[in-house]
Amino acid sequence: MKVTTIIAALLSVAVVDAQNNAQCRKLGLPCHATKTIPYVVKKGDTLTHIAHDIYKRKVGICDLAYTNHIGKNPNLIYAGQTLLIPTDCKTIDDGSCL
């Protein structure tokens, strides 16, 4: 009985994890993030500064660019603009968009 309970618990965790990953992909979140938090851009901010200094390299420059649909110039952001910051990134992308 204990083995069955443990197996059932492990399977339910695997199903929930798969559903979360599918939901994140559906939302278009990079780095296998599970959610986002808002950040209001300040004068002089760049994606590099936000990713490396403010969020201590817990998110990549390109993760920010992809999440916020920033085009060819990943540092083209404006003071007052609200960016979504992916949280709980499993991998960090600092180069694919540059």
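Heads up, the Cβ atoms here are built off N, Cα and C, so glycines get one too.
Now, the feature entries from Swiss-Prot:
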SIGNAL    1-18  signal peptide
DISULFID  Cys31-Cys89  disulfide bond
DOMAIN    37-85  domain 'LysM'
BINDING   Gly44, Thr48, Asn75, Ile77  chitin binding site
DISULFID  Cys62-Cys97  disulfide bond
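Note on the domain 'LysM' (37-85): DSSP counts are 15 helix, 8 strand, 26 coil. Residues near Gly44 (chitin binding site) in space but far in sequence (CB under 8 A, at least 6 apart, same chain), listed by position: Ala79. There are 21 other CB atoms within 10 A of the CB of Cys62 (disulfide bond), with all protein chains counted. The recorded positions near Cys62 (disulfide bond), taking a 10 angstroms Cα-Cα threshold over the set Thr48, Ile77, Cys89, are Thr48. Rounded to the nearest whole angstrom, the C-alpha distance between Asn75 (chitin binding site) and Cys89 (disulfide bond) is 20. The chitin-binding residues named in the record, Gly44, Thr48, Asn75, Ile77, extend over a maximum Cα to Cα distance of 11 Å. Using a 10 Å Cβ-Cβ cutoff, Ile77 (chitin binding site) registers 18 neighbours.
Neighbour density for Cys31 (disulfide bond): within 10 A of its CB lie 22 other CB atoms from the protein chains shown.
Long-range Cβ proximity for Cys97 (disulfide bond), meaning a same-chain Cβ under 8 A and a gap of 6 or more residues, is found for Ile61, Cys62, Ala65, Tyr66, Pro74. Sequence-distant neighbours of Thr48 (chitin binding site) (same chain, 6+ apart, CB under 8 A from its CB) are Ile61, Asn75. Separation of the C-alpha atoms of Cys89 (disulfide bond) and Ile77 (chitin binding site): 22 Å, rounded to the nearest whole number.
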